[in-house]
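Encoded as structure tokens, the structure appears first; notes follow it.
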Amino acid sequence: MSGIFHAGISGARGRMGRAVDQVLDERDDVMVAVRFDWGETPDLSLCDVVIDFSTAEASMALAELAAERGGPALVIGSTGFTAEQDARILKAAEKVAIVRSGNYSLGVNILIGLVEHAALRLDARDWDIEVIEAHHRLKVDAPSGTALMLGEAAANGRGHDLEEVRQKPYDGITGEREPGKIGFASIRGGGIVGEHTVLFASKDETLTLSHSAIDRSLFAKGAVAAAAWVRTRRPGLYDMQDVLGFRQA
Ligand SMILES: NC(=O)C1=CN([C@@H]2O[C@H](COP(=O)(O)OP(=O)(O)OC[C@H]3O[C@@H](n4cnc5c(N)ncnc54)[C@H](OP(=O)(O)O)[C@@H]3O)[C@@H](O)[C@H]2O)C=CC1
Ligand SMILES: O=C(O)C1=N[C@H](C(=O)O)C[C@H](O)C1
């Protein structure tokens, strides 16, 4: 396979689509073959890989279309998926290679490992876990995809799936906090690019692990690296831990 590849951009006119376009423009090993948004029908035969930051529903539809025609490979960055949409993407990945991550930054993908490690070490009977995230006022889903990945990492560290231990949002007369639950809090305002903190709190001390995104080109660079990686992979559902080589086969 030649070193040069052809990429499509889904959600091309959006904040992330434009950031991806700019990053691709700076590389000489990739050409943008198609750009598309809501209501447009792309010619996927022109692409080796499509980088998609759109909506959960659009990403799921794109994954099913790519699976039906046996390609192109996909890099999905959209967030806010339902459990049913998750399952349909997993099914599509039986036919096509897909990288999906709620966050394409290196820092967050390192943070995931740190959170899992801390959760494993800190006894759930003594240590409460809360995930706090802040984003710009235009974000439409909460908790963020990253917060959910961090919550999943914390749950995994304690030997659970997140859904077994996810705390319902606190509101009204909540009663005392239940040990072992993992809570989420979301803040929305102005132009905040993306802030994530995982708070471990015991009676005697707190431990906070945090990440701040300074510019969204960060996510675009990670997604383009994922595109270069996934275009030659077998069908399957991968994430940024695979792209970065953090998970051994
Ligand atoms: N994984 C990560 O690292 C990151 C993930 N994200 C996620 O990426 C997604 C997009 O974020 P952002 O760019 O800020 O959002 P924007 O709203 O700025 O952009 C979304 C774009 O998707 C387009 N779109 C909607 N439906 C379709 C469709 N069916 N096919 C193709 N395009 C479609 C919209 O077009 P139109 O305006 O015409 O409707 C719009 O151009 C969100 O889910 C966000 O949470 C964001 C940053 C980093
Ligand atoms: O919508 C955003 O902007 C972001 N979304 C992702 C998420 O939901 O975690 C990643 C990043 O924090 C920016």
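Cβ atoms here come from the backbone N, Cα and C positions, even for glycine.
Remember, TrEMBL labels are computer predictions, not curated facts.
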Which candidate from Glu40, Glu64, Glu116 does TrEMBL annotate alongside Gly11, Ala12, Arg13, Gly14, Arg15, Met16, Gly77, Ser78, Thr79, Ser101, Gly102, Asn103, Tyr104 at the NAD(+) binding site? Glu40
I need the nearest neighbour of Lys139 (active site, proton donor) among the binding-site residues Arg13, Arg15, Thr146, using C-alpha distances. Arg15
Can you tell me how far the Cα of Glu40 (NAD(+) binding site) sits from the Cα of His135 (active site, proton donor/acceptor), in Å? 28
Residues lining the (S)-2,3,4,5-tetrahydrodipicolinate site besides His136, Gly145, Thr146 (CB within 8 A of their CB center) are Thr79, Gly102, Asn103, Glu133, His135, Lys139, Asp141, Ser144, Ala147, Gly194, His196
Tell me which recorded positions (Glu40, His135, His136, Thr146) have a Cβ under 6 A from ligand 1; sequence order is fine. none
As a quick check of your reading of DSSP, tell me how many residues in the domain 'Dihydrodipicolinate reductase C-terminal' (107-244) are helical, how many are strand and how many are coil. 50 helix, 33 strand, 55 coil
Taking Cα atoms as reference points, which of the recorded positions His135, His136, Gly145, Thr146 is nearest to Arg13 (NAD(+) binding site)? His136
